[in-house]
Amino acid sequence: MPKDLSATSLRIHNAIVAETAEKGIGAVAMLPIAKRAKVSAGTLYNRYASKEDMLQQTYLQIKHRYHAQLMQVGSGPSNQVIRRLWINFFAFIQDRPQELLFLEYAGAAQLLTDAQRAEIAPMQAEVSGLVQTALDDGTMRPIPLSVAIDLLMGAALTLARRHALAGNTAPISEIDTTFETLWSVLRAEPQAPKD
């Protein structure tokens, strides 16, 4: 939950996220969001230039918080960093599963301007850099970076989405089992000692 928002801003944020997660981007409208947030429609129009602006600002706000939590991986061996990256992904959405759906729907709708896409590109590069390090140092089997990211994030998103759509969160045991199964495929094979 955003910690830097006033009570009114938080109600508006939650209403935008909930309406989008429940109805999809195409069906989102300012009036139902205002009603849900218990504010006037004028309040929304004072904050946002348009529905598109409202969705863009909300997306960027969530994306920045998500990235900040995701990157709290510390240092250490690459296998531990990748594991913490995975755990941090689920930690972010445990209390706010609708924010995952919002990010997915808004991302798929390609609402961002070129400048906004440029704003989030370094975030994506930073995550990719962690995976690239695990590939470069031999922690992960030698596969293309795009394949490694697709496997890691695809599995995480599928698991999280399934539970978010069901209105719950993935149990830790399922998160752990999924990661361990995936990691058994991604990790490099141990090298036999050289004689």
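Backbone N, Cα and C atoms are what each Cβ position is placed from, and that goes for glycine too.
From a predicted model like this one, the values you see are computed outputs, not experimental measurements.
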DNA-binding region range according to TrEMBL, out of 9-28, 29-48, 109-128: 29-48
Close approaches to the DNA-binding region (29-48) from elsewhere in its chain (Cβ under 8 angstroms; 6 or more beyond its ends): 8, 11-12, 14-16, 18-19, 54, 57
